Amino acid sequence: MEITFQKVEHRYQYKTPFERRALYDVDVSFPSGGYYAIIGHTGSGKSTMIQHLNGLLQPTNGTVQIGEHFISAGKKEKKLKLLRKKVGVVFQFPEHQLFEETVEKDICFGPTNFGVSEEAAKQKAREAIELVGLEPDLLARSPFELSGGQMRRVAIAGVLAMEPEVLVLDEPTAGLDPKGQNELMEMFYKLHKEKGLTVILVTHNMEDAAKYAEQIIVMHKGTVFLQGSAEEVFSHADELEKIGVDLPMSLKYKRAIEEKFGISIPKATLSLEDLTHEVVQVLRKGGHESCSS
């Protein structure tokens, strides 16, 4: 299900003294089945943008097309409920939205709200709990007895139980330790590959953006500043830093090595493994002479 933004503008508190423009002139497409990252400094428009993906917000101007659904200024999409089933959104700290007596009831809430029978919803809950790497015996427990990481996975299972075609992730690893962050990101990537889900990730973690995303959209002051592959986007390191966007640690180390040893590493290195390989290649080609001078 392809998603397209066409000249999208959004203003909060439109036509009031408190009006504030959050998005303008946003033209971007998310072809079906891809993995995308949206990055940018705080306040750049990332969260406002993704709230247009399932009709939580409506453009002030322009059009958002999500498959066969069109959302535009002044026109209400009649099938928002169906759209929200197709586009699952995992907001920051989704575990705060858990409320039922048991894990099973919490996961079943979405499917039953969309008209699925109780028996079918329970089957979806069993499948979803396994998709997020938890044991089915947790279904009978209260979600509030679980660890923070388990609660987050339960909340994500509730989104997956509705079988979305698009999974939107707004800082999904916020507050987790490094091990938990890595496990969750690997889980999302596995779902993307095995289920063919379109994934749209909003993140401040540049390592995650570089590692997982096929395309990266850089937002700045409410519009698209840069778009391309990780290699293309992070080749504009100086420009990104000027607008407050962090760089992957491998690029920071690359700069430090170049400055320290007076060598040039031409390739954009997006992982420490890439950086190690490129440093070895440069030294083999004679870069070590620069190091010793």
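If you go along the chain as it appears here, the first residue is 1 and each next one adds 1.
Quick reminder: no glycine exception, Cβ is built from N, Cα and C everywhere.
Quick look at what Swiss-Prot annotates:
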{"type": "BINDING", "residues": "Gly40, His41, Thr42, Gly43, Ser44, Gly45, Lys46, Ser47", "note": "ATP binding site"}
{"type": "DOMAIN", "residues": "3-246", "note": "domain 'ABC transporter'"}
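Report note: the ATP site is defined by Gly40, His41, Thr42, Gly43, Ser44, Gly45, Lys46, Ser47, and the residues of the same chain whose CB lies within 8 Å of the CB centroid of those residues, excluding them, are Met219, His220.
Annotation for the binding-site residues Gly40, Gly43: lowest Cβ count within 10 Å of the residue's own Cβ, Gly43.
Counting Cβ atoms from all protein chains shown, Thr42 (ATP binding site) has 8 others lying within 10 Å of its own Cβ.
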